[in-house]
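First up is the structure itself, then whatever we jot down about it.
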Amino acid sequence: MAEHGLKIAVVGPQRTGKTLLCRALAEQPILLGEMSYQPTAAVRIQEISRVLGIDRVKVQFWDVSGSVQYQSYWPVLAKEVDGLLMVIDPNRPEQERDLETFYRNFAEPNNLYTRQCMVMAIQVQKEGGGLGGWQGLQGGLKKLSQSYVAINPANPAAGVQEAYSHLDVLFQGALQSKKEALESSYMNQEDQ
């Protein structure tokens, strides 16, 4: 089984559930109650392993702060990103403009294809909470893959399972692009 690594930047406005998602995916403890929200200072990195077909993939989630206070770090954090997961609060569709800024700062410098980018609307819900309804993106980013996931911080397993059903598509797209770039670099070396 071939082993690969992927760097996925997880970006979006503050308080959209980026850290909750990353911690739940990495099976890390999730804080509840008054301490449940702790703003990310620059970046947090979580790692997971997935098997995609015949490939074992070690995924690093770079959970990037949504605060403009850390915007000067974005070029460094965006360096050599293999994929981009943009997170939005489905109850705040005006955040789509913010996602366009993240796209320009993380996807465009890395020449990412649409298959390497995804928008995920995360509904942070309490026990018995409803899913609500998200209409999807309306602007320039509507060409990207979009998903909607509800995560209950007290019991995130169902939300994690739903998230993986979408994220595996992102991982496969990022892995395919990485393999193609590697093959292209080998071909260019042989031509010299």
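Even glycines carry a Cβ here, placed using N, Cα and C.
Feature annotations, courtesy of Swiss-Prot:
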BINDING   12-19, 62-69  GTP binding site
Around the Cβ of TRP62 (GTP binding site), the count of other Cβ atoms that are within 10 Å: 20
Candidate with sparsest Cβ neighbourhood (10 Å radius) among GLN14, THR16, the listed binding-site residues: GLN14
Structural state of VAL64 (GTP binding site), classified by DSSP into three states: strand
